[in-house]
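What TrEMBL lists as NADP(+) binding site is LEU9, GLY10, LEU11, GLY12, THR13, VAL14, GLY15, GLY16. Here TrEMBL flags LYS103 as NADPH binding site. Per TrEMBL, the feature L-homoserine binding site maps to GLU188. Look at TrEMBL and you will find LYS203 tagged as active site, proton donor. Taken from TrEMBL, the feature domain 'ACT' covers 353-431.
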Amino acid sequence: MKPVRLAILGLGTVGGGVLQLLQENATEIKRRTGREIQITHVGTRRPRPDLNLEGIQQSDNLLEIVRQPDVDIVVELIGGLHPAKDIIIEAIKHGKQVVTANKALLAEHGNELFTLADQHVVQIAYEAAVAGGIPIIKVMREGLAANRINWLAGIINGTGNFILTEMREKGRPFEDVLKEAQELGYAEADPTFDVEGIDAAHKLTLLASIAFGIPLQFDKVYTEGISKITAQDVQYAEELGFRIKHLGIARRAEKGIELRVHPTLIPKEQPLANVNGVQNAIAVNASAVGQTMYYGPGAGGGPTASAAVADIIDLVRDISYTEDGSGTIPQLAFESLKDIPILPRQEITSGYYLRINVEDLTGVLADVTTILSHLGISIDAILQQPRLKNRIPIVIMTDPIVESKMDEAIAKIQALPATHGEVIRIRLESLEH
Ligand code: NAP
C-alpha cells in the first residue's frame, strides 16, 4: 500500500513535536496503522536546522502546500484565526483530511468548517485542541458512546489551575503567582485568554458540542475569570471544606443546556478538587456508567503532539478502509446536531459563596440575612472573620437558588450603607449527581 502523505503547517511547540514524534516512533506507528506515513511538505517561514527535514519540501506558501496532489492529510499547527481558517478551507476544498489543535478557530468558526468538511466528505480531527494529552474527545465519541451525557465539568486551563493551586498552598496573591506563571512559560505575555476563561470557554464549546450533539456556540458560554479571586477567598473556602477551581461546566438541564466557565467552590473530597498545578482533569457524568474522571497534562509540546499524532493515525486507518484512499467515515454527523437552547446565566441554579465586607455596625448581619430570607434564599453556613483594616468580612454559603434571585439579593446587600466594596460571589457545585 502506498504511504499516506502529510503536510505539517507550523513547526512551533506542537508542530515541531508532531514532526519529531512521527520520526522517532515511525516503526511503532507503522505497526499500528499497517501503513507508512510520509511527511512530504512542511510549512515554515524560516529555516529550521534544529529539525530533521531531509527529503521534505519546505515552503512559506501554505495555501500552495494544501493544494498539492502529494498531500492526503493537512496538519494545521500555526494557530490563530487568520490565515489558519482560509488554509483549512482550501485544504477541505481540495479533499484533504485535516488535523488541528486550533481550539479558538474551531470554537468560533467550527460550524462553517465542519459543514464544509461534511460536504467534501473529509474530516477535521481536533483531539489536540482540548486538554492536550487527555484523549477526552475519543472518550466521549467512542468510550462513552452508549451513554447520554448528563454533565461534564473540567479543569481545562492549566495556567489558571496553577495560579489557584499556588494561592491555596502558599497563600500568595493572584498577581504575584501570575507573574511567576509568565516567567515559567505557562502563561502568555498577554494572559487574558487563560485567566479570564476565554481559552477554557473555547474548549468547553467543543466538548459540549460532542457531549450533547449541539452546534458550536462559543458566544453563548457564560465566562468569568479568576482575576477577582483573592487569597482570602481561597482560605475561607478551605475553612468551609471547599476548594476554588476554575471550571468549565456543561450540563443538560430541564429547559436547555448550561454552558459556563467560572471560579467554582467544590467539596474538598471531590477528585477534581485535588487536581493541582498545571494538570487538567475532566469529570463526566453519563447515564449508564455514572461518573468518570480523566486526568493528565493539558498542554505542552509532547502531550499536544501525542493527541495530534493519534488523530493522524486514526485518519490513516480510515483512509486505508476505503478503496480509493480518499473516502472517509463521517465523524460528526453534523446535520443531525440539535439546536437545544443554551440557558442564560440568570436561569442557572447553584449554591453560592458570598463575601461581604461590612462596617462593624450592630445589626448588619441581621440586615443581610433578612434580605436573603425575603428572597427565599436559605443559608447553609456563615463565617464571620476577624476585622481586616476596619472592615469585617462576612462569608455566607447558600443552598442552591436560581441566579436571577441571587442577582437581586446581591444588589440589595450592595446597597446597604454598611457594605464596603464589591460583594464577591463564587458559585458552588457538589458534583455529586
Ligand atoms: P507556536 O509555538 O507559536 O507555533 C506556531 C508556529 O507556526 C510557529 O513556528 C510559527 O512560525 C508558525 N507560523 C505561524 N504563522 C505562519 C505562517 N503564516 N507561515 C508559516 N509558519 C507560520 O504555537 P503552538 O504552541 O505550537 O500552538 C499551535 C496550535 O496548537 C495553536 O492553535 C494552539 O492553540 C494549539 N495548542 C497548543 C498547545 C501548547 O501547549 N502549545 C496546547 C493545545 C493546543 P515562527 O516560528 O516563524 O513564528
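The backbone N, Cα and C atoms fix where each Cβ goes, and this holds for glycine too.
The average pLDDT for the domain 'ACT' (353-431) in the predicted structure is 94. When the alpha carbons of GLY12 (NADP(+) binding site) and the residue listed as 'L-homoserine binding site' are compared, the span between them is 15 angstrom. Checking the binding-site residues GLY10, GLY12, VAL14, GLY16 against ligand 1 with a 6 Å cutoff on the Cβ atom leaves GLY10, GLY12, VAL14, in sequence order. Ranked by CA distance from the residue listed as 'active site, proton donor', the binding-site residues LEU9, GLY15, GLY16, LYS103 have LYS103 at the top as the closest. Secondary structure at GLY10 (NADP(+) binding site), taken from DSSP and collapsed to helix, strand or coil, is coil.
For the domain 'ACT' (353-431), DSSP puts the residue distribution at 23 helix, 33 strand, 23 coil.
Here GLU188 (L-homoserine binding site) is positioned 18 angstrom away from LEU11 (NADP(+) binding site), judged by their C-alpha atoms. Counting every protein chain shown, the number of other Cβ atoms lying within 10 Å of the Cβ of GLY12 (NADP(+) binding site) is 12. When the Cα atoms are compared, GLY15 (NADP(+) binding site) and GLU188 (L-homoserine binding site) turn out to be 18 Å apart. Residues LEU9, GLY10, LEU11, GLY12, THR13, VAL14, GLY15, GLY16 make up the record's NADP(+) site, and a Cβ search at 8 Å around their centroid adds ILE8, GLY17, VAL18, LEU19, LEU77, ILE78 from the same chain.
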